[in-house]
Amino acid sequence: MPGLLLGDEAPNFEADTTHGRIRFHDFLGDSWGILFSHPRDFTPVCTTELGRAAKLAPEFRKRNVKMIALSIDDVNDHLAWSKDINAYNGDEPTEKLPFPIIADAKRNLAIQLGMLDPDERDKEGMPLTARVVFVFGPDKKLKLSILYPATTGRNFDEILRVVDSLQLTAKNKVATPVDWKRGDRVMVIPSIPDDEAKKLFPEGVFTKELPSGKKYLRYTPQP
């Protein structure tokens, strides 16, 4: 099945959305972007996910990230579903969400991007769209991909966390360790020699001693 690999450029598709017709590259502009797919409108897990995404939209906006969703129904269904999503959040049940939802009733885009879940099917026996997260950089290239089955809801706090890591490591010669959160110390990447690391990170580099004697666990405060 066609799909996207890390480093691939996003296809410059055109699509109808709840915010009008878009061309994807024009929609992204110079921003980072998140495209996240959903199995179907008016389904329980998807409603909770889009509700959480709407609540976190200001946080993504602060990070210059544009959000856009995809579901295999038409625009009219998306607009009606948006009322339910806003009501789920305890807000006024309007048709407007802080991001567009792409209409993909024929599954053309889901197939092109490799989003279909072969194990989960609708009542007609058609494969549902999996819960895919694509994060694109300002260069329109894929920086991160997360794939969940249709039955498992995503953690949008985690998506926000990985955006912080992607943006930090795009600008600095560091990596983020396990469970890293914004403001935590980071790791100096192995390709940086110690003398260069001291110049790059004037706040200091701490090396953890290990039984192997190898000096590869090097930490520094977040730049």
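Each residue, glycine too, has its Cβ placed from N, Cα and C.
Per TrEMBL, the feature domain 'Thioredoxin' maps to 4-168.
Take the CB of Cys46 (active site, cysteine sulfenic acid (-SOH) intermediate) and look out to 10 A: across all protein chains shown you find 22 other CB atoms. Residues or ranges marked as active site, cysteine sulfenic acid (-SOH) intermediate by TrEMBL: Cys46.
Summarising model confidence by region, the domain 'Thioredoxin' (4-168) averages a pLDDT of 93.
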